[in-house]
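J.: Pasting a structure here, questions to come.
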Amino acid sequence: MARKQSEITPEIVAEHGLSVSEYEIVLDRLGREPNLTELGIFSVMWSEHCSYKSSRRHLGKFLTTGDRVIQGPGENAGVIDIDDGDAIIFKMESHNHPSFIEPYQGAATGVGGIMRDVFTMGARPIALLNALRFGEPDHPKTRTLVSGVVAGIGGYGNCVGVPTVGGETNFHKGYNGNILVNAMCVGLARADNVFYSAAKGVGNPIFYVGSKTGRDGIHGATMASAEFDDDSDEKRPTVQVGDPFTEKLLIEACLELMATDAIIAIQDMGAAGLTSSSIEMADKGGVGIELNLDKVPQREPNMTAYEMMLSESQERMLMVIKPGKEQLAFDVFEKWELDVAQIGKTTDTGHLVLKHHKKKVCDIPISPLADDAPNYDRPHTKTAPRPVLNAADIHETQDYNDALMRIISSPNIASKRWIWEQYDRHVMTDTVDSSQSGGDAAIVRIHGTNKAVAITTDCTPRYVEADPYEGGKQCVAETWRNLTCVGADPIAITDCLNFGNPERPEIMGQLVGAIEGMNEACHTFDYPVVSGNVSLYNETNGQAIPPTPAVGGVGLIPDLHKFATLSGAKSGDTLILIGE
Amino acid sequence: MKALVYVGLKPGVLDPQGRTIARSLNDLGFGEVESALQGKVIELDLTGDDLTAAEARVVEMCEKLLANTVIENYRIEMRAE
Amino acid sequence: MKALVYVGLKPGVLDPQGRTIARSLNDLGFGEVESALQGKVIELDLTGDDLTAAEARVVEMCEKLLANTVIENYRIEMRAE
Amino acid sequence: MQTAVIRFPASNCDRDAAVALEKLTGRKPLIIWHRETELPAGVGFVVMPGGFSYGDYLRSGAIASRSPIVQDIKAKSERGLAVAGFCNGFQILTEAGMLPGALMRNKNLKFVCRPEKLTVTHSNSKFTSKYEAKSEVVFPVAHHDGNYFADKETVGRLEKEGRVLFRYTDNPNGSVNDIAGIVNEGGNVFGMMPHPERAIDPLHGGTDGIDLFKSILETL
Ligand SMILES: Nc1ncnc2c1ncn2[C@@H]1O[C@H](COP(=O)(O)OP(=O)(O)O)[C@@H](O)[C@H]1O
């Protein structure tokens with residue numbers, strides 16, 4: 001491989017977010033200097049987002065197994081058994097930063113991404129939820145952010161035709177500079193037809209399906225490097241635009257192909273699209289991968305290998321097809337009018353090899369990319385406990401009417417109807433209960449049966465801020481209670497851990513405390529974590545967001561003749577208070 | 001006075017609408033269509049008669065509301081009529 | 001060759017988008033905006049080089065798909081480049 | 001009675017419509033792909049389902065309305081074939097010229113999803129014969145482009161000829177004369193923005209939609 005000795009300067013390494021010591025490991029594992037494409041690949045694989053380098057060791061503490069767990073964390077989404085051969089596949093994910101930059105598209109692509117995680121595994125998405133945190137209502141940016149985010153979530157979910165059945169919305173000044181947009185998707189599959197990402201077998205064809213690859217979302221480093229910018233007059237936007245129409249076609253096409261036995265492995269192209277999807281598939285399957293980038297469907301001319309590998313264009317999937325089933329795959333995807341191409345094959349080299357314009361542009365061993373990813377034990381300090389409020393110190397209000405008015409007019413308590421009325425809650429005609437009734441959890445019937453899943457998302461950041469451990473416990477417990485309240489047996493949770501900069505010990509302390517508290521609740525309830533996502537560095541000018549471990553819970557209602565809802569109370573009914 | 005504001009996606013931004021339009025024109029037998037882009041035109045009726053001053057204000061309107069400058073470009077055309 | 005197709009609402013058809021734009025501009029302090037209309041521009045890349053023949057085809061595209069003549073008017077601009 | 005549901009790319013209420021038809025006819029409807037050029041013989045009632053055909057790009061329903069199967073359905077409807085379009089299906093029928101007028105962006109520019117009260121204007125139609133005239137029903141709405149518009153003359157004709165079958169009591173989208181659903185001159189092609197197919201099940205959306213299906217199915 002021809003390369004100039006000086007190609008990778010310390011500045012370029014730094015622009016790629018790799019520390020000096022991380023780059024040392026790259027040099028050591030490769031036994032040479034990487035070229036720019038290879039460096040880009042290491043940088044995204046070892047990014048916080050892909051490698052969970054600050055949180056991995058702590059996430060490992062979570063209870064992740066249980067009687068009903070078919071697949072815990074580690075795949076695109078978690079899978080649980082809901083009897084009769086049915087499985088529920090679900091996950092929650094953040095799209096915080098993109099939504100702050102461009103609220104409509106950021107939120108929309110967040111919904112698209114989480115749905116792909118779910119249907120990648122063979123599930124038809126049946127419900128969406130969203131947990132939103134915004135700044136103060138009178139902050140100058142809040143109004144635009146709220147309306148953009150809500151329109152984006154609705155715009156995507158409504159078009160794809162998956163009901164958005166619930167969520168939560170908070171306003172707090174701690175989110176003025178960093179809003180949180182967490183989306184959860186729940187899908188339904190047959191337990192014996194779940195698809196995984198391990199690319200098994202050598203010589204099997206690799207298919208690319210979905211939208212063409214453009215220069216979307218390729219970050220900083222490329223911008224700075226003139227070599228990669230043909231028309232430098234126009235600074236390239238890093239915002240990705242969602243195309244729910246293509247997503248809908250992808251869902252239908254993938255589910256149609258999944259009903260045959262043509263797919264060996266499948267993975268959606270999320271963050272760092274082609275890079276992380278191909279490496280994860282190869283790593284899990286213990287194989288190598290060779291891709292011919294000339295075959296990648298491209299939206300723009302003159303794309304470099306670097307750009308193709310780092311592009312975050314949306315609505316794309318990578319799959320390993322059984323030899324002999326290529327034509328079947330082409331037929332299905334072409335019927336659904338999707339771009340499709342055979343772009344490579346699995347190999348026995350254990351390497352990721354990329355060819356572009358007949359030249360080898362990348363050749364790196366896969367195992368270090370995945371296994372040697374940094375895994376830090378960042379220093380963490382325990383959050384100092386706050387003094388407990390003494391009830392006696394709080395004066396009784398003189399005017400209960402006024403107190404009540406103040407409570408119900410607070411944006412956090414007030415009706416969220418303005419939001420959920422923009423979401424199609426009824427499509428698929430299995431929504432039994434949703435935001436509309438204000439019940440504690442949404443209820444979605446399993447199509448054609450008399451059972452249902454109950455779904456909720458919860459988190460009270462001010463509790464977590466006061467005491468991460470207790471607050472973490474509370475988030476999990478609240479989902480448990482909300483599911484129980486509608487008559488469901490809680491089964492498992494997903495989570496989205498939104499925190500500030502983990503390199504600050506006090507922030508790391510919040511993260512560790514919350515995880516440990518959540519985990520205690522999980523053990524107490526026998527309520528495992530089956531999937532999740534971590535979003536760190538949510539801070540502006542050194543001001544971190546309130547710690548926000550959003551939890552999504554799923555439970556089963558075995559018999560729809562027995563469930564509870566908020567609607568239906570009549571005057572004269574008896575009210576009963578249970579608990580302390 | 002009138003201002004015509006043309007708003008379109010920046011080069012490189014995915015235009016799903018344009019793509020879909022081009023493909024369906026092809027399907028309808030218009031094979032000569034290679035690609036399509038969809039943009040917006042906003043026509044504003046303005047009071048006053050100082051075109052230059054008005055244009056500066058329209059730029060402000062674009063930045064504040066009419067265009068989403070994260071993903072869109074705009075172009076302004078002023079007319080006296 | 002390029003064709004620019006401008007599609008706008010016919011006079012008399014209520015334009016909720018335009019009205020909202022005008023109102024929000026007023027709210028943002030742009031009192032000079034009396035009214036706004038929102039339309040579409042569709043830019044087509046076409047093969048071939050006979051502008052006149054191509055324009056006739058674009059008219060057909062408008063009638064068949066690009067404009068809904070129940071509520072919309074269209075205008076075509078051909079460019080050689 | 002054999003019924004059919006047309007499936008366009010990004011239809012998303014095709015299953016909803018199929019469930020409703022199966023429940024009310026006892027027979028699975030045919031699901032017909034938009035690229036088909038001819039409706040199979042024996043189909044007596046066609047539903048154009050809701051959704052976002054072609055992403056609602058260009059205009060809602062526009063691209064779908066140009067697909068091959070719609071041309072065949074249009075021709076057959078001129079000879080009496082019963083057709084109903086709900087939501088995106090209604091948009092497709094207007095774009096195809098099978099019903100007058102157009103569906104524009106909701107007046108407040110927002111997507112709206114809620115149960116909506118409607119008045120059945122009269123029961124002298126193939127689609128409302130099972131309802132009492134002037135009765136009130138609740139169907140869910142879920143749309144972004146449901147603002148029905150037609151020029152004065154057309155609206156006048158629709159009203160005079162009794163072709164407005166449903167009206168909103170609390171207009172959610174700015175439709176002229178609160179129009180929620182209309183039929184063609186022949187009385188055999190019907191379109192509405194609300195979703196009767198989402199109102200056939202007490203656990204989901206109520207059951208007020210059943211009589212609409214019963215009305216039309218009975219005539220076949
Ligand atoms: N962003 C949202 N998306 C969908 N539904 C929401 C959203 N925010 C709130 N809701 C719904 O509004 C209802 C009330 O929410 P909330 O005020 O959080 O009450 P509670 O804390 O009792 O669940 C719930 O049913 C919830 O699902």
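Yeah, the Cβs are placed from backbone N, Cα and C, and that goes for glycine too.
Per TrEMBL, active site, nucleophile is recorded for D:C87. Summarising the annotation, TrEMBL assigns active site to D:H195, D:E197.
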J.: Once the chains shown are all counted, how many other Cβ atoms turn up within 10 Å of the Cβ of D:E197 (active site)?
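T.: There are 32 such Cβ atoms around D:E197 (active site).
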J.: Determine the Cβ neighbour count for D:C87 (active site, nucleophile): the number of other Cβ atoms within 10 Å of its Cβ.
T.: 33
J.: Rounded to a whole angstrom, what is the C-alpha distance between the residue listed as 'active site, nucleophile' and D:E197 (active site)?
T.: 10
J.: Which of the three DSSP states, helix, strand or coil, fits D:E197 (active site)?
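T.: It is helical.
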J.: How many neighbouring Cβ atoms, not counting its own, are there within 10 Å of the Cβ of D:H195 (active site)?
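T.: I get 30 for this one.
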